[in-house]
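Colleague: Straight from TrEMBL, here's the annotation block:
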type: BINDING; residues: K125; note: ATP binding site
type: DOMAIN; residues: 16-81; note: domain 'SH3'
type: DOMAIN; residues: 98-272; note: domain 'Protein kinase'
Amino acid sequence: MEEEVGGAAKEWGATPAGPVWTAVFDYEAAGDEELTLRRGDRVQVLSQDWAVSGDEGWWTGRLPSGRVGVFPSNYVTPGPPAAPAGLQLPQEIPFHELQLEEIIGVGGFGKVYRALWRGEEVAVKAARLDPERDPALTAEQVRQEARLFGALQHPNIIALRGACLSPPHLCLVMEYARGGALSRVLAGRRVPPHVLVNWAVQVARGMNYLHNDAPVPIIHRDLKSINNLAFVHPPASCQVPELGQALCQGWGIEQDSHRRSLPSWMLVLERP
């Protein structure tokens with residue numbers, strides 16, 4: 001058996017030994033080359049080289065069963081099984097407390113509504129329930145995204161207010177970005193260079209937090225103005241959310257035909 005394991009590791013161009021990490025989220029393999037992870041699983045990391053795994057943000061590892069394959073690196077944490085601090089479920093919001101208004105976004109995940117919750121304007125990201133898919137699986141994916149999103153705390157990351165977790169109403173409830181898409185804010189007007197530089201610095205700070213300082217590092221793959229929102233407060237401020245495709249599978253994932261892509265996070269800008 002050891003010879004088989006060693007041979008499999010060599011096939012991936014990986015070393016036969018490496019540090020052991022622990023899965024903090026469930027991950028369902030989407031192909032024969034991927035590992036299926038369950039929260040608490042131990043994974044021996046054989047290679048962190050994306051040239052070996054075939055995609056940035058993916059590592060090569062081996063499960064206790066001896067199976068070797070690739071897996072998303074932000075699904076694991078070093079050390080023994082333990083949930084990283086802050087990855088508890090956020091406040092659960094009863095759906096009847098939400099007053100849904102107009103739809104402000106539509107995607108493969110479902111719809112985003114402007115809404116009112118306890119007198120506050122919020123954005124509600126509602127998961128689409130696929131009749132051909134087990135609702136319990138969708139509910140668990142929403143819980144996972146809520147845990148991760150709720151753990152993000154940074155002045156340049158939009159805040160999660162809570163989540164609706166009782167099917168058929170599976171939603172994330174977030175701060176509302178009143179200004180709309182940043183691309184629309186920028187279109188047809190001249191923004192002073194010092195404001196643009198200030199916004200760029202704030203985006204970089206938010207991205208640095210996601211990549212390096214978040215409880216579970218998140219790799220953003222689709223940062224562009226149309227995927228970001230302007231959040232205008234009185235005294236004029238601007239907030240940029242929707243970090244597009246982050247490297248972490250969840251119910252809001254966009255998947256391409258052969259490699260994994262991932263869910264949406266949010267950045268905040270303050271006008272100088």
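From the backbone N, Cα and C atoms, a Cβ is placed for every residue, glycine too.
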Colleague: Treating G and I as helix alongside H, and B as strand alongside E, what does DSSP give for the domain 'SH3' (16-81) in helix, strand and coil?
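Modeller: Looking at the domain 'SH3' (16-81) with DSSP, the answer is 7 helix, 26 strand, 33 coil.
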Colleague: Give me the count of other Cβ atoms within 10 A of the Cβ belonging to the residue listed as 'ATP binding site'.
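Modeller: The Cβ of the residue listed as 'ATP binding site' has 25 Cβ neighbours within 10 Å.
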